[in-house]
Ligand SMILES: [Fe+2]
Ligand SMILES: [Fe+2]
């Protein structure tokens with residue numbers, strides 16, 4: 001039996017860096033979303049039609065500015081855009097499907113993820129477990145369904161990749177994009193930022209559709225490898241979460257799509273439905289970090305009850 005991995009000093013150090021860059025990436029997205037508010041959050045489906053109370057009432061002006069973080073975020077993205085190749089993505093999927101790295105319950109995974117807090121950064125927003133609980137709690141306050149609350153609760157558990165041999169940054173966090181076709185300008189820092197990626201210099205891959213068929217559906221494309229794709233694969237195989245929940249997990253960092261509206265030519269009809277779900281999820285992820293810190297022990301029984309409804313007692317990670 002493979003148990004939870006040991007938290008070594010090396011893992012902690014790598015995790016601290018991940019935590020920092022992850023926060024900075026979020027800050028950039030918060031500011032971008034604020035800048036585009038009212039244009040891209042178009043939730044007109046019956047299920048989502050009620051404008052989120054949480055989203056509109058929140059004081060979004062208290063987030064610290066990110067100027068200092070910009071250089072670090074840019075160099076992080078240059079590395080991510082250089083190393084996320086089609087070949088790398090194929091290799092990671094194959095490797096991850098053939099082994100079980102650990103067996104843990106969802107709650108144990110949350111506790112393990114909590115060790116990723118960056119203790120060296122006094123300005124760090126919140127711990128991982130708190131971010132997960134804040135996301136879920138803000139959905140619960142807004143009366144969102146149980147499956148969505150659970151989705152909020154687990155959406156970043158894929159960051160456990162950090163313990164499974166990831167570099168801990170470019171292959172775990174950051175906005176995602178499609179690999180195997182042209183990199184659109186809508187990706188943060190634009191297509192130029194892929195100049196050093198071998199795929200960028202392969203004309204067969206750099207067509208509009210690349211290795212894909214037009215309107216093949218996003219289920220059939222590969223997104224850059226990281227915590228979203230990893231957790232999506234686990235939840236697809238081991239949970240009873242509905243399709244919208246799986247999409248919230250898989251696409252939550254897919255900003256070129258859910259905010260910038262790129263990749264329309266790869267979408268099918270169902271993706272339009274999934275897009276609404278992902279857009280409804282996004283503000284809870286980005287804006288709940290300033291909420292009062294949740295009391296973990298008080299909330300635990302409620303959320304363990306919810307987890308039980310959608311997951312087996314032990315997950316193969
Ligand atoms: Fe995330
Ligand atoms: Fe998150």
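The backbone N, Cα and C atoms fix where each Cβ goes, and this holds for glycine too.
No curator has checked TrEMBL annotations; they are predicted automatically.
Taken from TrEMBL, the feature substrate binding site covers 64, 118, 119, 120, 159, 174, 175, 252, 253. Taken from TrEMBL, the feature Fe cation binding site applies to 131, 155, 156, 227, 252, 285.
Feature annotations (TrEMBL) mapped to structure.
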{"residue": "131", "record": "Fe cation binding site", "Cβ neighbours (10 Å)": "24"}
{"residue": "155", "record": "Fe cation binding site", "Cβ neighbours (10 Å)": "27"}
{"residue": "156", "record": "Fe cation binding site", "Cβ neighbours (10 Å)": "25"}
{"residue": "159", "record": "substrate binding site", "Cβ neighbours (10 Å)": "26"}
{"residue": "175", "record": "substrate binding site", "Cβ neighbours (10 Å)": "24"}
{"residue": "227", "record": "Fe cation binding site", "Cβ neighbours (10 Å)": "27"}
{"residue": "252", "record": "Fe cation binding site", "Cβ neighbours (10 Å)": "24"}
{"residue": "253", "record": "substrate binding site", "Cβ neighbours (10 Å)": "28"}
{"residue": "285", "record": "Fe cation binding site", "Cβ neighbours (10 Å)": "23"}
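Candidate binding-site residues: 156, 159, 227, 253. Those with a Cβ under 6 Å from ligand 2, in sequence order, are 156. Here the CA atom of residue 253 (substrate binding site) lies 15 Å from the CA atom of residue 131 (Fe cation binding site). Recorded residues residue 159 (substrate binding site) and residue 227 (Fe cation binding site) have their alpha carbons 5 Å apart, per Cα-Cα distance.
Cα of residue 252 (Fe cation binding site) to Cα of residue 175 (substrate binding site): a distance of 9 Å. Note on proximity: of the binding-site residues 155, 156, 227, the one nearest residue 175 (substrate binding site) is 227, by Cα distance. By the rule that a residue counts when its Cβ sits under 6 Å from some atom of ligand 1, the binding-site residues 131, 156, 159, 175 yield 156. Taking CA atoms as the reference points, residue 253 (substrate binding site) and residue 227 (Fe cation binding site) are 9 Å apart. Taking the centroid of the Cβ atoms of 131, 155, 156, 227, 252, 285 as the Fe cation site, the other same-chain residues with Cβ within 8 Å of it are 132, 135, 158, 159, 228, 249, 253. According to its DSSP assignment, residue 227 (Fe cation binding site) is helical.
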